[in-house]
Amino acid sequence: MTGTVLAFLVRLATGVRLLDDVPEDGKRRIYFANHASHLDFVVIWAALPGRQRAWTRPVAAAEYWEKSPLRRWIASRIFKAVLIPRDLARMRAEDPLGKMLEAIGDGADLIVFPEGTRSDTGAVAPFKPGLHHLATKRPDALLVPVFLENLSRILPKGELLPLPLMGQAVFGEPVPCPAEGESKAAFLERARESVMCLSHGHLIPANDEGS
Amino acid sequence: MKDPELLYLVGGVVAVLLIATLITRILIGRSGETAVLVNLRQRVNAWWWMMIVFCSSLALGKSGVFWFYGLLSFLALREFITLSPTPRGDHRTLTWVFFLILPLHYIFAGAPWYGMFLIWIPVYAFVFIPIRSALAGDTERFLERTARIQWGVLTCIYFLSYLPMLLYLPIEGYHGQNAKLLFFVVLVTQISDVMQYVFGKLFGKTKIAPKVSPSKTREGLLYGGAAATLIGTSLWWATPFTPVEAAIMSIVLVASGFFGGLVMSAVKRSLGAKDWGRGIPGHGGVLDRLDSLLFAGPIFFHIVGYYFDTSMHDSYQQPQWMYDALRLWIGS
């Protein structure tokens, strides 16, 4: 209930549209997107139809979401986030990949940001290998690229107040899993391009003119 | 809504929309759901909604009207800034614009504090905007960025707010009836848009500025403008005007509406877009419908203010020597 209302408010505030058809084929989905704003996972989550939203879990940085009781409550109760550490020592101890696979095994769809951190410039940084691991461990899961437009202008890194501009979440066709003989780097670049080609030319550094 | 004349106006619009709905139904029944007809149906449906919301705001009285236009300004500016590539350095400036400058302007307007309404944006806001952007420290394309935000604020907030401000024009013998004047302005300007579009489709040959707006033709402007002027003139009974004055003011609305649409279209193209947004099905964004009102509102307001306003302020009075010189020059 809280989730439905929140998703509606997020769509109202960001102008992002509700996705009308995600086929219910019993397949697990991993949504991966460019990352430039705190709004990113909320927006993908809000754009999904209610039923899918219920079992879709964002993968987020533990260090950030464990900082205060409020953040912890939001992450665990509303978004049921899979919290993974960025810190190397903790990464070794907690096995982030295992956590994600466990979530998928439990029937969750994931939202991941393979750049690892939010971009400052609006450009899409090279992807970290996590997505490749997920894809090879769960070749049955669908890898769905998502391009998030304008969210870095609504709430850029380091800003507290969002602007009431209109953003968009463009969902693409699933990307094929790593082919036999395809290198990790080649797969990651292919995945990155599948996100960027959804931008339809909107992926320009904010200082440039549109035309 | 106690004024029977206002009800006649509303009734007239409802009748026109009913006819439009009926024609659309018949056309779709005859030739199926072609893309053009589906778009027509969307447009007519959207007109119903826009009319209902507009009339509801009038029914709620002055505060309803100011809330309505405040919201429209917000939505219009949102579309404008979304399409304008404002960089990171403008984030804080825009926060002030959306959350302080805009609401305060409508508070001043609705109060009404006429002097502040006039200068809040062109003086205070326009001084503040470049200051805040300069403090953010980004010098890249500084002048362009400032001009862009100022243009958005000027058109989407300041110009648009002249429409609700019409409610406060104190016109002799017309007290308490200003809602009709607002209705008149919106009706004539929008009908002029529709007529220019229809006549342009029927007889349009000579494009006025094909690069800016391919649908604007000389024939459409002339015939459509004439039709809108006729309709405007025939509504003189609802205005403080004589029929001749109503005709002149209709021509003013047609012309300023046309140029408002033309200029906003040029701005839109320079930003590389075809529509301002996707808020109104069949029409595009809110700004695609409001563009013709942006210039029409303030020009209409100040012309009417010059000839009719007696008590709101003295600034409309020209000095005697200028008045004499003008009369001498015109030769009357």
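Glycine is treated like the rest: Cβ placed from N, Cα and C.
The shown structure was predicted, so the numbers you read here are calculated from the model rather than taken from an experiment.
Annotated transmembrane segment per TrEMBL: B:7-28, B:48-72, B:93-111, B:117-137, B:149-169, B:181-199, B:220-238, B:244-267, in sequence order.
When Cβ distances are compared across the two stretches, the transmembrane segment (B:93-111) makes no contact with the transmembrane segment (B:181-199), since fewer than 3 pairs at least 6 residues apart fall below 8 angstroms. Contact between the transmembrane segment (B:181-199) and the transmembrane segment (B:7-28) holds: at least three of their C-beta pairs are under 8 Å, each pair 6 or more apart in sequence.
Long-range contacts of the transmembrane segment (B:48-72) within the same chain, counting only residues at least 6 positions beyond its ends with a Cβ under 8 Å from a Cβ of the stretch, are 1, 6, 10, 13-14, 17, 21, 102-103, 106, 109-110, 160-161, 163-164, 167, 179, 182-183, 186, 280, 286, 289-290.
Beyond its flanks by at least six residues, the transmembrane segment (B:149-169) meets 62, 65-66, 68-70, 72-73, 76-77, 80-81, 84, 86, 90, 93-94, 97, 101-102, 105-106, 109-110, 112, 114, 117, 121-122, 125-126, 129, 133, 178-179, 181-182, 185-186, 264, 267, 287, 290, 293-295, 297-298, 300-301, 304-305, 308-309, 312 of its own chain at Cβ-Cβ distances under 8 Å.
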